[in-house]
Amino acid sequence: METDPVFFTDRSGRITSNPLLDQLPSYQSLLYRRKSSASSNKRRNSSRGRLGSSSSGKWGMSTFTRPLEKQKSQVTEQQPIRELAKPMAEKRRDKTQRLEEAQELSNWRQWRRSSRRYLRRLKDDTQEWLSSMKLWRGDIHLIEGMFGTGILSYFSFLRFLVVLNLIIFLIKFIFVMFPIIVAPYASGNITYNLNDAGVCSVYPSSARRGLVIFHEHITDLLSGGGFLEQTYLFYGFYKVDKIHFTNVTYNLALAYLLSTIAYLSLSLIWIVKRSARGFKRNLVQDEDRFQSFCNKIFAGWDFCITNENAARLKRSSLLYELRTDLEEERIKQKIADRTRKDKCRIYLIRLILNLFVIGVLAGCFYSIYIATVFSQEAQMTKVNFIVDLIYEYLPSIVITVANFITPLLFSVIINYEDYSPAFEIRFTLMRCVFMRLTSIAVLLFSLWSQITNCEKECVCGYNHLLYSCWETRVGQEMYKLTIFDFITIVAVTIFVEFPRKLLVKHCDCGLAKWWGQQEFAIPQNVLEIVYGQTICWIGTFFCPMLPAICTIKYFFIFYIKKVSLIKNCRPATRPFRASSSNFFFLGVLLIGLALACLPVTVSVAQINCSHACGPFVNFNTSWEVLPTTVSQLPSGAQNLLFALSSEAFAVSFFVVTCLAMFYVIALAGAHKRVINQLREQLAMEGRDKRFLIQKLCQAQRLSPVRSPVSKSQPRRGSRSSPSYHTSFSSNFNEGVFLAHSPPDSSTHV
Amino acid sequence: MGTTASQLDKDLLSEYQELTFLTKQEILLAHKRFSELLSKDERNFENTRVSMERILTLPELKSNPFRERICHVFSTSDQKNGSLTFEDFLDLLSAFSDSATLEIKSHYAFRIFDFDDDGTLDCGDLEKLVNCLTGETDDTRLTTDEMRQLINNILEESDIDKDGTVNLSEFQHVISRSPDFVSSFKIVL
């Protein structure tokens, strides 16, 4: 017999129903939804027949017909057909039905409907075109199929950074470099910065004279000195003050400063926008579990995996993750049971280990400082080619070595600190992030101390004897860091990962088995590229072509990592979820951006800009160009700008923002309370309903109702004879199910 | 209505575009892949039904632990044997596409996870679900204690009316708060 989608048959195949329970409002509304959708004739007949059999059924129906029907037709008008969960044939029928209904509407409504449909189709086409323009679609699809969504998020993050760097470079190019290049062709008159009288504006040329040996070119290329120093690459070249075109004067100094502010704000806005999608969902959860079990089970399988091997690995990693999480729950219980003595001991151990970690970090930072100072001093004297190069790259080498050793140290130490597994991972990661990003800060700080360190009083505000153009020197350091970072990544891939794979594959000794195949550790890889991006953000002010170099660098890193992943690596044992990884990546990137803003702000506002080179020769600090320009504006605009930057405006803006924030927090708290109350109410209502239905069934059994289908009722003793109405967990003999809406029907209420 | 020998005609293509979430390229690609599953003489018939075994040879479905459930859910055959026509196949791809709404995805996910087709996810369904995820052999399953602990945790998080089962509304509620669902519930040819 046909399976009725509304009534579920019991094991013997008989449809059981209860005439009294058929009148329940929830059941009636369900029947309505079933009836008014374009179901097949057979079903329509049978359901009508059923309704006809219950005597008071018709009455029960009519009171509910009209409002529900109206609601239903309103709903279906707004909702596009493809959002209904039905098979294609039914959707087609719905569409023809809607077209028929549309004929009855007024012209205005018809036009509105068709225009809405047209706009929707246009939007779909534009989205399709945009997504076909995305870089590396095929490669990412392949990686997704082989490794799942966790590793995929790393590669899409890399793609995001390539595009971001490209846009930053375009901003710098259009506003700073392009006017200079185009000025001779557009009949522009360039005014250069006048030489200030005095010793500060002496800029000895560093170009090599005479016969230049070939390896000196290589040194220059790798260190940014020599022939590269006086090119578009570095700040010092942009000695232009203003460019006078026929109608307009282009203030290059102002453009340089504003483009710096522009690219930092653009990066901030874009990152926040990208992370807003993930944040919303994370913040709405009101559980203290960061990863819920439901998320792991219901969204645990990546349906995009096409590789059999990857599927097997995914299964084992899911098993490992579930086991670890279940164990973590047990550990939490154990932690709660700790005695006082245990707690003291553990806190003492943690204190000692944290002091040790701080000591190690201090040691690393001090060695970076010493290396930077030594490198700066050693650059004055030339020994020979190789040693010179090593002295130039000494800070980078020290930073890289420190960043290699400290994660290993941290992961060993964390085992003794006795935290829960999830917290261990997060804490180690935080320590590594701190280490990476602070090492850049220490490098810059040591550079700054060198620059402002004069024997006597600093005449120009900086040490003009050693650093006639200090911004270019800082730019060169950033350039060296970028190059060295790239070389390190390539070298590690070629000289460590490939041999490791060969060793593990062909050699059967114990060492190979213990070392094992390379795991693609997402956190470490992400920290690497965030480190590179932070350097790029800092360095763009001093070296305007650095974003272009970074774009090319990340472009090559994508292919290198992809090849390394496919050939050498196996997926990590503990899976990295896509959602939490987006949260982590963008969070670390924001920290990097905040860190990058600091040195740029200090350089722009605090340190005197060099008087021998660059666009800001006529000003004391780079920031001064803004107030000077503002004072040349018409007085109306000046007053407005002064008002906006006055204290009164700032304080009132701050107060208004605080009020808005408090209001929103209070609202969220109130909603949470209401949600909890409603949950309790729902559970209570469910229990009431089950109780009443149980009593009703008992009462019906004692005095059976005469109705054609009720003959089957006395035999309903089997535990699992289902009918629509209520569900019991398995305590009662009438095992029936509460299905709010059976899955075949449209779910939209 | 159906598919002619090797091409879809334009009206049919635009109709499919309207009724599903797929783009034109995706529909054409789906048509190509579906035709590869058919034998030469089957291609000339309209609305041919492809058996489940042949559908499961597609690489996108072959390694998926839920492949049989997927075929059963999207199949419109009267014999309930999981066979799919081309339109069923398009429905499948539409529900799993990038632009499908969360509601559609969660609706179909519920039906896929409901192994006994009774409209709710009870302990038996959840246990089969976890076993599919971790593997079918004995050494890859969770122990009974672990399974019980896991199912208790899941029900605690998702069962709002405390009836011991997860119905569709509760499932959709918990999915709307799950950040990974949209990115993992995706099949692209």
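Cβ coordinates are placed from backbone N, Cα and C, and glycine is handled just like the others.
Because TrEMBL annotations are produced automatically, they should be read as predictions rather than curated entries.
According to TrEMBL, the protein has these features:
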- A:33-47: compositional bias 'Basic residues' (COMPBIAS)
- A:48-58: compositional bias 'Low complexity' (COMPBIAS)
- A:83-94: compositional bias 'Basic and acidic residues' (COMPBIAS)
- A:469-579: domain 'TMC' (DOMAIN)
- A:33-94: region 'Disordered' (REGION)
- A:704-726: region 'Disordered' (REGION)
- A:160-186: transmembrane segment (TRANSMEM)
- A:253-272: transmembrane segment (TRANSMEM)
- A:347-373: transmembrane segment (TRANSMEM)
- A:393-416: transmembrane segment (TRANSMEM)
- A:428-448: transmembrane segment (TRANSMEM)
- A:537-560: transmembrane segment (TRANSMEM)
- A:581-602: transmembrane segment (TRANSMEM)
- A:648-670: transmembrane segment (TRANSMEM)
Report summary line: Tertiary contacts of the transmembrane segment (A:347-373), defined by C-beta under 8 angstroms and 6+ residue spacing from its ends, are 394-395, 397-399, 402, 406, 409-410, 413, 416-418, 431, 434-435, 438-439, 442-443, 445-447, 450
**Report entry** Leading stretch by Cβ pairs under 8 Å, where the reference is the transmembrane segment (A:393-416) and the options are A:160-186, A:428-448, A:537-560, A:581-602
**Finding:** A:428-448
Report summary line: In DSSP terms, the domain 'TMC' (A:469-579) comprises 86 helix, 2 strand, 23 coil
**Report entry** Closest-packing stretch to the transmembrane segment (A:160-186), where packing means Cβ pairs under 8 Å, from A:253-272, A:428-448, A:537-560, A:581-602, A:648-670
**Finding:** A:537-560
Query raised in the report: Near the transmembrane segment (A:537-560), which same-chain residues lie under 8 Å Cβ to Cβ, leaving out any that are not at least 6 residues past its ends?
Result: 136, 139, 155, 158-159, 161-162, 165-166, 168-169, 172-173, 176-177, 224, 232-235, 238, 260, 263-264, 267, 440, 444, 471-472, 474-476, 478-479, 481-482, 485-486, 489-490, 493, 529, 592-593, 596-597, 599-600, 603-604
Report task. Could you give the residue numbers and ranges of same-chain residues that sit at least 6 residues beyond the transmembrane segment (A:253-272) on either side and whose C-beta is under 8 angstroms from one of its C-beta atoms? Result -> 164, 167-168, 171-172, 175-176, 179, 238, 241-242, 537, 540-541, 586, 589-590, 593, 596-597, 600, 604, 615-616, 619, 622-623, 625-626, 629
Report summary line: Whole-number mean pLDDT, the domain 'TMC' (A:469-579), equals 84
Report summary line: Reduced to three DSSP states, the compositional bias 'Basic and acidic residues' (A:83-94) has 8 helix, 0 strand, 4 coil
